[in-house]
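Worksheet: one structure, shown below.
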Amino acid sequence: MKTKQEKKARPGSIMRLLWSSHPWLTFFTLLTGLISGVASIAVVNVINQAIHEETFQRQSLFWFVGLSVVALLFRNGASLFPAYASMRIMTRLRIALCRKILGTPLEEVDRRGAPNVLTLLTSDIPQLNATLLIMPTILVESAVFLFGIAYLAYLSWVVFAITISLMILGVAMYLLFFMGGMKFTHKVRDEFTAFNEYTHALVFGLKELKLNGIRRRWFSRSAIQESSVRVAKYNYIERLWFTAAENVGQLTLSLLVGCLLFAAPMFAVIDAKTMSASVLAVLYIMGPLVMLVSAMPMLAQGRIACTRLADFGFSINEPHPEPETSDADNVLLLDHKKSWGSIQLKNVHMNYKDPQSSSGFALGPIDLTIHSGELVYIVGGNGCGKSTLAKVFCGLYIPQEGQLLLDGAAVTDDSRGDYRDLFSAVFSDFHLFNRLIGPDEKEHPSTDQAQTYLSTLGLEDKVKIEGLGYSTTTALSYGQQKRLALVCAYLEDRPIYLLDEWAADQDPPFKRFFYEELLPDLKRRGKTILIITHDDQYFQLADRIIKLADGCIVSDVKCAVEGKRA
């Protein structure tokens, strides 16, 4: 079952993005570009008139200075003013893309892999920004070029015909080389995504790399070095194609000037004044033409960025409104959190593909009901589906078949966000945020309460509360980071706690404290607790033990009360 987020969006148009976001500023850019174009060509005409004047004319000097100033001011205005608009547009798109990622189903993000998603933010958005910044310049130079062509037509149709013919030939040759370079533009982007994956491994696998020389040498040579060489090679070949394409422009200019000087007189009688004006105009408009030609790779890269973003379901031309929240909805949600009775998985199936390999995993059919206040252990061998089941249960993974029910009502796309708010979780691949988050967005947890939890979990000497954050989240052992993650979960104070092999990295005394003191305390406070664990010596403390094998529940056992009290 495909979700809404998985649908591919239309790539969109960068020019339409600029117009829809700031129509008046875009119109102003076009208008000033036209004025700059007219003034620039008028300067060429004044120069030509001055060349053929027999005596110095003060009026020509005034026209030359005045028109040059007008052309310069309007060209700069048309280029600089939209930079502010571009900045605002890109800020909005960055925020919207982050919200899009937050709203994308977790299984879709996992399927794509973190490096691919990060490349959207670190490569595609900056590339789109660079393209957007060059758009005003393209508009201005296009205006200058078009007025230059019109001026040539005004001077002589023969000159105009020769110019257009050679330019069409030059553009055709340019596109031939340009398309060759575009093949490598795609390769550069794909290889950069792979390089992002290696840099991620470099940072987070540094300990393993330092400990093993064979792995370190393999990683340095076969991974980082080879990927870097491929990025450089594809960049170089791409640059060769694009440079060859740009050189076509210089060749076209030389041919064009030669044809005007030596071939045009064969077809028509052209006086010296018209010929000099034509050559001056051609030389003048070649600057904008070369700039437009040079901008094509940037435009192409921006188009690729739009396509990659659209593949993720993010179109730059679609509205991206801020999420709306209602105080009344929050009150109803909080009331419901206090009174929920059961959560049911009904004939749930979930097919999951490992993003790191081609292997897949199937969960289901799963039929399971969890009641409020239960302490449930989820057990089974590695790879049996415990973590996948947990993510389905808390609403992070959307079942491809079957239903997730809260008090008999199906959890839908509209209610899934509220449903997830029932949970505080510490997964095996958890991430610590340096911010105190309480149960209510309007009320921050007290620092005294946070300090009490730090003391309870033996972190009072390692972590201090500073403002609304922690003094550190990184200068801790992995086991201590897990304890701090549990402190965060305590402060959230949600009805359901989901802990994925939390005790696996704790020392025996603290592991015992966790099972015999912390979990019973949470249960006494009315919390529902789901524990993924391998610690069979504490199984007797659970209300229920659910065992999984090959993605299916093979047993669901209720533990005797007497056994737990013994």
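Cβ atoms here come from the backbone N, Cα and C positions, even for glycine.
What Swiss-Prot says about this one:
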type: DOMAIN; residues: 22-301; note: domain 'ABC transmembrane type-1'
type: TRANSMEM; residues: 24-44; note: transmembrane segment
type: TRANSMEM; residues: 61-81; note: transmembrane segment
type: TRANSMEM; residues: 132-152; note: transmembrane segment
type: TRANSMEM; residues: 158-178; note: transmembrane segment
type: TRANSMEM; residues: 250-270; note: transmembrane segment
type: TRANSMEM; residues: 279-299; note: transmembrane segment
type: DOMAIN; residues: 343-566; note: domain 'ABC transporter'
type: BINDING; residues: Gly380, Gly381, Asn382, Gly383, Cys384, Gly385, Lys386, Ser387; note: ATP binding site
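Structure with Swiss-Prot features highlighted.
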{"residue": "Gly380", "record": "ATP binding site", "CB count, 10 Å": "21"}
{"residue": "Gly381", "record": "ATP binding site", "CB count, 10 Å": "12"}
{"residue": "Asn382", "record": "ATP binding site", "CB count, 10 Å": "6"}
{"residue": "Gly383", "record": "ATP binding site", "CB count, 10 Å": "14"}
{"residue": "Cys384", "record": "ATP binding site", "CB count, 10 Å": "20"}
{"residue": "Gly385", "record": "ATP binding site", "CB count, 10 Å": "24"}
{"residue": "Lys386", "record": "ATP binding site", "CB count, 10 Å": "24"}
{"residue": "Ser387", "record": "ATP binding site", "CB count, 10 Å": "18"}
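Sequence-distant contacts of the transmembrane segment (24-44) (same chain, six or more residues past either end, CB-CB distance under 8 Å): 18, 63-64, 67-68, 70-71, 74-75, 77-78, 81-82, 85, 136, 139-140, 142-148, 150-151, 277, 280-281, 284. Where the transmembrane segment (132-152) meets the stretches 61-81, 250-270, 279-299, the count of C-beta pairs under 8 angstroms peaks at 279-299.
Listed in chain order, the residues near the ATP site other than Gly380, Gly381, Asn382, Gly383, Cys384, Gly385, Lys386, Ser387 are Leu548, Ala549, each with its Cβ within 8 Å of the site Cβ centroid. In three-state terms derived from DSSP, Asn382 (ATP binding site) belongs to neither a helical nor a strand segment and is classed as coil. For the transmembrane segment (250-270), the residues of the chain that approach it from at least six positions outside its boundaries are 156, 158-159, 162-163, 166-167, 169-170, 173, 278-279, 282-283, 286, 290, judged by C-beta separation under 8 angstroms. In the predicted model, residues of the domain 'ABC transporter' (343-566) average a pLDDT of 86.
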